[in-house]
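This report concerns only the one structure given below.
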Amino acid sequence: MKYSPTKKIVIAIDGFSSCGKSTFAKEIAARIGYVFIDTGAMYRAVTLYGLRHGAVQDGDVNEALLIAMLPEIEITFAFNSERGASDIFLNGENVEKRIRSIEVSDLVSKVSGIAAVREQLVRQQQQLGRQKGIVMDGRDIGTVVFPDAELKIFMTADPAIRAQRRYKELEAKGEKVSLEEVERNLRERDHADQTRAVSPLRQAEDAVVLDNSHMTLPEQMDWVMRRIEKITCAPCTSK
Ligand SMILES: Nc1ncnc2c1ncn2[C@@H]1O[C@H](COP(=O)(O)OP(=O)(O)O)[C@@H](O)[C@H]1O
Ligand SMILES: Nc1ccn([C@@H]2O[C@H](COP(=O)(O)OP(=O)(O)O)[C@@H](O)[C@H]2O)c(=O)n1
């Protein structure tokens, strides 16, 4: 059936690591012609910058140094038609692949716990979504970035299934990493993201929970399109 909306909305997708938020958000955006923004990529890009410029070293983050570097960091997006999603650029360089390494994954939750980093990125995220028609995924989208989002989804999946999915993805990309390392990274990040002082990962009160442990992407799409249509097409169906 053709999707004929009468209004544009903001769709906020939050949840645990590697449960399929970006895959889902990308598919939704393609289906209804929205912009998709992966906010995790933004925290990863700041982490990569810190690693390259000595503010993130030996598994630790020099907060003062990284904060001083923030004005030098420019993050932009450009649509990549081959991937069907936007690639992320760090000061003009396409870092879409670089930011997915286990080295960045191991440090990103330390960087994302810094209030000044969050302030800068949240401001940019709010700008990107000011005209609506956006699907954004992350950890604090429904709680902090867009507390008034019309549709909020909180995603989760069995931790062993999530680790297996991410492991398969990294293995296919040729990254030398073990399943144990991936599991450990997921566990540590989920813990750090849920317990940090600033904007911790939590389910917004008005979010709908989606556990996709045993769901395929087409099943998820049926689930979400019913909800999107209800919100964006309500006036037309009541005529
Ligand atoms: N419903 C699903 N069933 C099986 N695998 C999935 C599903 N959704 C996503 N995946 C796979 O799981 C991995 C993590 O997905 P991703 O979208 O990157 O998660 P997140 O954005 O939550 O970190 C990817 O390899 C993706 O292809
Ligand atoms: N809105 C967001 C998005 C990500 N993050 C941080 O960035 C990290 C990487 O996010 P991600 O979405 O790329 O992680 P994956 O689920 O893809 O592994 C998370 O573990 C969080 O520490 C955040 O704090 N707030």
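Glycine too: its Cβ is placed from the backbone N, Cα and C atoms.
Its Cβ taken as reference, Gly15 (ATP binding site) is surrounded by 28 other Cβ atoms within 10 Å in the chains shown. Mapped onto three states, the DSSP output places Gly15 (ATP binding site) in strand. Residues or ranges marked as ATP binding site by TrEMBL: Gly15, Phe16, Ser17, Ser18, Cys19, Gly20, Lys21, Ser22, Thr23.
Annotation source TrEMBL lists domain 'Cytidylate kinase' at 11-229. Taken as a whole, the domain 'Cytidylate kinase' (11-229) shows an average pLDDT of 97 in this prediction.
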Report, as a single number, how many Cβ atoms besides its own are within 10 Å of the Cβ of Ser17 (ATP binding site).
23
Inside 10 Å of the Cβ of Lys21 (ATP binding site), count up the other Cβ atoms and send me the figure.
27
ATP site shell beyond Gly15, Phe16, Ser17, Ser18, Cys19, Gly20, Lys21, Ser22, Thr23, criterion: Cβ within 8 Å of Cβ centroid:
Phe24, Asp137, Met155, Ala157, Arg162
